[in-house]
Amino acid sequence: MSNSREAEVQNLKELGNACVKEQKYEEAMFHYTHAITLDPRNYSLYSNRSFVFLKMQQYHFAMEDALMTIQLKPDWTKGYFRKAEVESRTFRFSEALQSYNKALSLQPNEPGILKAINRASGMLMKDRRADQQIPWLGAGVGIILGVIVVIADYVFTNKPTLTHPLLMALLTISIAMLGFCIAKGFRYFVKCQRKSLLEPPIDLYPESNKDEFENVEADKESEKERHPKYSKALARQRPLSIPQQQQQQQQQQQQQQQQQQQQQQQQQQQQ
């Protein structure tokens, strides 16, 4: 790479860093992207852009740049740290701990990495406790609602329908099981939502390309219909001008007169 291009890349990188300090992440992303087009093997640019995408909550692109950083510089700590940060922000705490430990193996006793490991470990334990406790919390809420229903039936009605203790217990247990299932389903929904955070965004560009191509083809067809290519057969079918029509009528009249004269001559000969 020439010195002028290297200087331009460095200038774009500094502009991006300045925008990051001012929290202008979108502008910083454009500067880093421009620099990457000039120097696509510069791993630090991918690392910086991964950080910017993370701040913009574009987790898929942040992960792609983190993986590219690791691919270009496998022995660099920051690539694994960027990957771990994306995994931590997308609630993949087990994978984040693995990436943090890989970064720590390359740079032991780094305070920032140790702090991040402790944070991710705490979030992992908290998430596991939530998986275990929230369904039972839903069951507890169901028990409370069941007891309220039983008491309301006994107090506010003239003839309570739940007179037998077994019916009261069955109703309370049923509502508790319903609360357990609802809470379990809620946790499952949350897990599915978290998995989608790293999925690539929907790409509508191929469809727009297809539509544009179809529009162009339709325009071509309509253009052909408006301006057809005249063959010899079409040329014969073209309407004649007024002088041509008069000339054609005169020729037809002459032919008819000749035919009449021939018929008269034949009749005279027969006589």
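Backbone N, Cα and C atoms are what each Cβ position is placed from, and that goes for glycine too.
A TrEMBL annotation is a machine prediction, not a hand-curated record.
TrEMBL lists 209-228 with the feature compositional bias 'Basic and acidic residues'.
The compositional bias 'Low complexity' annotation in TrEMBL covers 244-271.
Under the heading region 'Disordered', TrEMBL lists 209-271.
Per DSSP, the repeat 'TPR' (9-42) is made up of 27 helix, 0 strand, 7 coil. Residues annotated as repeat 'TPR' in TrEMBL: 9-42 (among others).
Averaged over the repeat 'TPR' (77-110), the predicted model reaches a pLDDT of 94. As annotated by TrEMBL, repeat 'TPR' applies to 77-110 (among others).
Residues or ranges marked as transmembrane segment in TrEMBL: 134-156 (among others). Non-local neighbours of the transmembrane segment (134-156) in the same chain are 162, 168, 171-184, 186-187; each lies 6+ residues outside the stretch with a CB under 8 Å from one of its CB atoms.
The feature transmembrane segment is assigned by TrEMBL to 162-186 (among others).
With a threshold of 8 Å between CB atoms, the same-chain residues lying at least 6 positions outside the repeat 'TPR' (77-110) that come near it are 43, 47, 50-51, 54, 59, 62-63, 65-67, 69-70, 116-117, 119-121, 123-124, 127, 194, 197-198.
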